Amino acid sequence: MSRRAQTSPTDDGMLAVGRALLYPGLALTSLLVLRGPMALPYGDMLMAGAGFCALLSMNRPARSLPVALYVAAPLLVVGTLISSAVSIDPVGSVSIAVRLIYLVVLVPWILVNLLTERRHVVTALAWFMSGAALCAVGAVAQLIWGDVIPGGAITVDGRFTGMTTHQNDLAGISCMAAAAMLAAVGATIPRGVRIGALAILSASLVGLVLSGSVSGLLGLGAAVAYLLIRGTVRVGRALGITAAGALLLAILLPQLDSIGALNPIERLTRTTGFSASQSEYDTAGTRLELMRLAVDAIGDSPFVGRGMLIADNVLMKRFTVHNNFLGTWTAGGVLVFLGVVIATAIALRFCLSGRSRRDPLHNAIATSVIAALVFAQTAPGFYNRYYWIPVAFAIYLVVDLRYTRSASEPSPASTETFGVARC
């Protein structure tokens, strides 16, 4: 590859170093058992370094984030600080607030400033999805060799965590990655890229099944419906993918049965309470009760919230509400809730626009957002990376489309728009 192909005319060394940190950082965000000093995930450390490189660059692109995100940022800052004041551990609550603000605001800024060409976006997404697949491979290792991953676990009912610390995290990661790769495989893309996407899709589907998460299945089901409604997957290719998935399940289910783990249908019936001999297995009922309790908690403190820590928001036994929007409002009050809704709405608007269906890359990112969004409605945690990084990619595409369109217009007004002050 020539030097001209490797480096854009406006690139510099700091941006290149930033991307060299960003790519593995995105992959490591799914490998949550890998942590450094102060238990910080290595993925976050590398991405923070990438952002620092972008900040130091004298040649980063003059692109501005969506105005709505500038509205969301102060809402998040002020709201989390107010709610942290009533937390049982204000310092710990502020640390969670920093993580949320980093994911919602800073990660999109990092992507916008470092991914200056389409090939950079493709590479970044490939690294992110490869990390998700590797996380699922960790679950396969647990299935074969037992509890061999330090920090991981196998639950008593045969649910696996993979390269995370909780089975729900494996489910969210696998659901998001499977949705994106399903969109990629169903599109018209080069053969080599399709083979890689199929490998990631297969690993992610296995990870999703091994996680035993019904929320993950719902998220993937929503992604499939999204693709079918928009007509972005050919019928013949969809049938082929379905047949391959059925074969994968035929191989995997006997392995689950051999260790006494539940298959997806059994998990669904138990979760909904149809086959449970004990009420504790009716997790759908528990989720609904937690949502009711969350609404009551919001009514008691709609503006301030309860604090950002898990311990601040336990509503029943050891559980917090399994819904990211209710969880956000319960914890951070109305300001944090509005900030999260605004940021999510930017990505969702892109997903529902016609622009996201015409390009395989755009469609893959949009489908991952849909899967992550649906998963988050019945899963705990409003600051999960596998939710906010797909959203950040979608926000990046919103910015990229705006400036690409502006650059293609020859009028002086367009030139002025492209030259806005750096954010």
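Quick reminder: no glycine exception, Cβ is built from N, Cα and C everywhere.
TrEMBL lists 12-33, 68-88, 94-112, 124-145, 170-189, 196-229, 235-253, 331-352, 364-380 with the feature transmembrane segment. The annotation domain 'O-antigen ligase-related' is assigned in TrEMBL to 201-340.
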Take the domain 'O-antigen ligase-related' (201-340) and average the pLDDT across it for me.
87
Should the transmembrane segment (170-189) and the transmembrane segment (94-112) be scored as in contact, given a threshold of at least 3 Cβ pairs under 8 Å and pairs 6 or more apart?
no
Spatial neighbours of the transmembrane segment (12-33) far in sequence, C-beta under 8 Å, 6+ residues away:
41-47, 49-54, 56-60, 110-111, 113-116, 120, 123-124, 127-128, 130-132, 134-135, 138, 149-152, 163-165, 169, 173, 177, 385-386, 389
Contact set, same chain, for the transmembrane segment (68-88): CB under 8 Å, 6 or more residues outside the stretch:
94, 96-97, 100-101, 104-105, 108, 301, 303-309, 311-312, 331-340, 342-343, 345-346, 395, 423
Within-chain partners of the transmembrane segment (124-145) [C-beta distance under 8 Å, separation at least 6 from its ends]:
19, 22-24, 26-33, 43, 111, 115, 152, 154, 160-164, 170, 173-174, 176-177, 180-181, 196, 199-200, 203-204, 206-208, 210-211, 255, 259, 361, 364-365, 386, 389, 393
Could you count the residues of the domain 'O-antigen ligase-related' (201-340) that DSSP puts in helix, in strand and in coil?
101 helix, 2 strand, 37 coil
